[in-house]
Amino acid sequence: MAKEQLKVLNALDSAKTQWYHFTAIVIAGMGFFTDAYDLFCISIVTSLLGRLYYTVPGSSTPGTLPSNVTSAVTGVALSGTLAGQIFFGWLGDKMGRKRVYGVTLMLMIFCSIASGLSFGKEAKGVIATLCFFRFWLGFGIGGDYPLSATIMSEYANKKTRGAFIAAVFAMQGFGILAGGAVSIIVSAAFKAAYPAPAYDVNPSLSTVPQADYVWRIILMFGAVPAALTYYWRMKMPETARYTALVAKNAQQAAADMSKVLQVDLEAEPEKVEPREQGNDFGLFSKQFVQRHGLHLLGTTTTWFLLDIAFYSQNLFQKDIYTSIGWLPAAEKMSAIEEVYRIGRAQSLIALCATVPGYWFTVALIDKMGRFAIQLMGFFFMTVFMFALAIPYNHWKSPGNSTGFLIIYSLTFFFANFGPNATTFVVPAEIFPARFRSTCHGISAAAGKAGSLLGTFGFVYAVDGIGIKKTMMILGATNCLGVVFTFLVPEAKGLSLEEISGEDEEGDAAEVGTVTV
């Protein structure tokens, strides 16, 4: 028999959209703005690092990072993110969401600044310290995934919960856009102050010494939005669901939410007695596997498969742009000019495809449902990736680059109006409160494992089998995402307690996967 729900949780579920909802979106969303900026801006400056530290005197082409260094520089933050997602996800369930929320932000601020202060003038010293600080930057970023998603899901009402969680994640699109915009502004300023010829005109003068400041400023700017968010994060009260259902303090939960909702709420301590036998199972128990095992398998596999393709495309956009002739060859540009053009290209893709895709999800997720959007997204990502890969030689022909870019942009649009948003939303809804942050962290870490495979594998796959066959592999990966989406339950219109089974006394949670 279902338990009678706490009035404070009912009040949250039925609350009209209020100012505190938008405040929570901005506070949590600015963390994702910072996350996306830090993780994706590195792809803009890798070419500059190659010119500064790996140019061989007398070479006909500017220096580039060796494949292993490229993988390390772009992938080390993802490794840190994976570790941070698991650690802070677990810690969020043990200590509370708010208590560890500020720690992640402080890590992000410190390590963003330290990334730009990498020591030494030789390649080995600069790259080693850059990788060290970016690992710990990623560790802090990783904590933001489960904590932000869980906090927003536990603050939201059930009618628009999907839109609110998706809106937090949608700030990632603005972070990617900001990475391109900051690169454009910084590189344009340095290009105007320190003009330089293209590499094939004068190799020694094409990379001015001041270019070393460009990549450092771009990376350090990531600390700014994080610092602006810190004060407001510390003022947020702990979520009522954690306080009442995990910490078992109904009085504090009612007091906190009375201030937030600006209504008087009854504490009801008698409703938060210790869990009855049969409903007190742990994360590694048989009961958890029976009730939520397939759901966790669904959230982990779909996020893993998505991120293989999504991060491969994002981190290596410049290689694809160059191969189709949308960017000039590296030797036709100066070092700072190359940063400017890559930033401009990334901003265009973000503005036209990435950002709109996120906000389509925000607008429609509580109407269409999570399952339908995720299935549709994976399907169209598969179609468009094969549409690029199979006739790849056609797209490389002169005059066909516009068509390539349109289809390439559509893969980003349906990634974000699709699984890139829903894989973030669903794990924050379908698990019990005492496991919610941990399970979201595990799901997100599976995604980062996929992003690492995409990041490291893409470099060697392109070198070994070429871009065409690599893109066909990414298309097949997206197709697998369609299959595993059928393991993910629909949470539209249900309270967190209904979807997770927490309002049941010893009975299995009545959450079924979508049937074919």
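Heads up, the Cβ atoms here are built off N, Cα and C, so glycines get one too.
Automated prediction, rather than curation, is the source of TrEMBL annotations.
Predicted-model confidence for the domain 'Major facilitator superfamily (MFS) profile' (24-493) is 86, expressed as mean pLDDT. Annotated domain 'Major facilitator superfamily (MFS) profile' per TrEMBL: 24-493, in sequence order.
The transmembrane segment annotation in TrEMBL covers 20-49 (among others). For the transmembrane segment (20-49), the list of distant contacts is 64-65, 70, 73-74, 77-78, 81, 104-105, 108, 112, 126-127, 134, 137-138, 141, 144-145, 148, 151-152, 155-157, 160, 164, 167-176, 178-180, 182-183, 211, 214-215, 218-219, 221-222, 225-226, 228-229, 232-233, 236, 260-261, 314-318, 330, 335-336, 338-339, 342-343, 346: same-chain residues at least six beyond its ends, Cβ to Cβ under 8 Å.
According to TrEMBL, the transmembrane segment annotation covers 69-88 (among others). Same-chain residues lying 6+ beyond the ends of the transmembrane segment (69-88) with a Cβ under 8 Å from its Cβ atoms: 38-39, 42-43, 46, 49, 54, 100, 103-104, 127, 130-131, 134-147, 311, 315, 437, 441-442, 444-445, 448-449, 451-452, 455-456, 459.
Annotation comment: TrEMBL describes 100-119 (among others) as transmembrane segment.
Per TrEMBL, transmembrane segment is recorded for 125-143 (among others).
Summarising the annotation, TrEMBL assigns transmembrane segment to 164-193 (among others).
Summarising the annotation, TrEMBL assigns transmembrane segment to 213-232 (among others). Away from its own ends, the transmembrane segment (213-232) comes close to residues 23, 27, 30-31, 33-34, 37-38, 41-42, 44-45, 48-49, 52, 102, 105-106, 108-110, 112-113, 115-118, 137, 175, 178-179, 182-183, 186-187, 190, 336, 339 of its chain (Cβ-Cβ under 8 Å, at least six residues beyond either end).
Residues annotated as transmembrane segment in TrEMBL: 348-365 (among others).
Per TrEMBL, the feature transmembrane segment maps to 371-390 (among others).
Long-range contacts of the transmembrane segment (402-421) within its own chain (CB-CB distance under 8 A, at least 6 residues past either end) are made by residues 166, 169-170, 173, 302-303, 306, 309-310, 313, 320, 324, 326, 349, 352-358, 360-362, 364-365, 373-374, 376-378, 380-381, 384-385, 387-388, 395, 481, 485. As annotated by TrEMBL, transmembrane segment applies to 402-421 (among others).
Marked as transmembrane segment by TrEMBL: 441-462 (among others). Sequence-distant contacts of the transmembrane segment (441-462) (same chain, six or more residues past either end, CB-CB distance under 8 Å): 67, 70-71, 74-75, 78-79, 81-83, 85-90, 92, 142, 145-146, 296, 299-301, 303-312, 315-316, 319, 423-424, 427, 469-470, 473-474.
Nonlocal intrachain contacts for the transmembrane segment (371-390), taken as residues 6+ away from its ends with a CB within less than 8 angstroms of a stretch CB, comprise 302, 306, 309, 361, 364-365, 404, 407-408, 410-411, 414-415, 417-423, 426, 468-469, 471-472, 474-475, 478-479, 481-482, 485, 488-490, 514.
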